[in-house]
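J.: Got these off TrEMBL a minute ago, pasting:
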type	residues	note
TRANSMEM	12-29	transmembrane segment
DOMAIN	43-256	domain 'Sugar phosphate transporter'
TRANSMEM	49-75	transmembrane segment
TRANSMEM	82-100	transmembrane segment
TRANSMEM	106-126	transmembrane segment
TRANSMEM	146-163	transmembrane segment
TRANSMEM	183-202	transmembrane segment
TRANSMEM	214-235	transmembrane segment
TRANSMEM	241-260	transmembrane segment
Amino acid sequence: LEESLFFSPGSALLSMFMAMEQGFVVGLFNVMEDTLSTSLDIGLSNWSFLYVTVSLYTMTKSSAILFILLFSLLFKLEEMRVTLLLVVLLIAGGLFMFTYKSTQFNAQGFVLVLCASFLGGIRWTLTQILMQKAELGLQNPIDIMFHLQPLMFLGLFPLFAVFEGLPLSISEKLFRFHEAGTLFSLVGKLFLGGILAFGLGFSEFLLVSRTSSLTLSIAGIFKEICILFLATHLLGDRLSLLNWLGFAVCLLGISLHVVLKAMNSKGDKALEPHKEASSDPDLELLLHHPEHGEEEVVETPQQH
């Protein structure tokens, strides 16, 4: 008896420790997968700007919404619907028309952006899984950034050291500066860029935790359109009638998605009261109570 009393708590603690360790390993593996895909997505996207223009980058990067849809269906985060497929095709086709023949083609840069789009689909799908899995406790954007950013730094640092380390170390704008004002200006720009990047990451993670990675991609289309407009006015890109038609098709796809989301949310809210009413034990007791009372009233005269 004493051995069993001693063994039971020990085995329980050992089982609990093994379960916690297994959950930690699984969570760490999921975080590392997300971190690796994020690092490669960012690295390849920035690398591609050495070979392609903003218009070609935006046109190719718009294919990320197709990869996000593919991985969302594979991981069963989204249900296959005709309306969903129509929205994705409208947006992707509209963006392609919006940037058609508006830039020179570069094969190497195109492959880099296409690989980044593929990794972006994996990245945001895994991020949605991490943030919407309750047992991991990463629903808060600050929590997910706290776990991802250090590993992202480790993933991006080798790429930075190989491709930008030597030019940056001998640059007169940083380590070999001649005027302090130049250094402070560069550091200030980096600091401002870091704040903007933090705000962008926070808003993206918040949107993924509340909706889905596909909704984030569709919402990001507005950002892509703004980039193309800025490229047109600042960099001298010209838009044809076909480009403007693609812009209209893209806006049509975004509007359709917003309408469908609003209709689905109203339908879910309408079903919630019925679910709560049917699952309320007190209400069921009240509904069944009069029946028992009638039986008792009927049986009482028979006893007299």
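Cβ coordinates come from backbone N, Cα and C, glycine included.
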J.: Going along the chain, which residues at least six beyond the ends of the transmembrane segment (49-75) come within the CB cut-off of under 8 Å?
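T.: For the transmembrane segment (49-75), the list is 84-85, 88, 91-92, 95-96, 98-100, 102-106, 108-110, 112-114, 116-118, 120-122, 124-125, 128-129, 212-214, 217-218, 221, 224, 227-228, 231, 235, 237.
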J.: Suppose I define contact as three or more CB-CB distances under 8 A, residues 6 or more apart in sequence; do the transmembrane segment (214-235) and the transmembrane segment (241-260) meet it?
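T.: Taking Cβ pairs at least 6 residues apart, the transmembrane segment (241-260) and the transmembrane segment (214-235) are in contact, with 3 or more under 8 Å.
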J.: Please report, as numbers and ranges, the same-chain residues at least 6 past the borders of the transmembrane segment (146-163) whose CB is under 8 Å from any CB of it.
T.: 31-32, 34-36, 38-40, 42-43, 47, 138
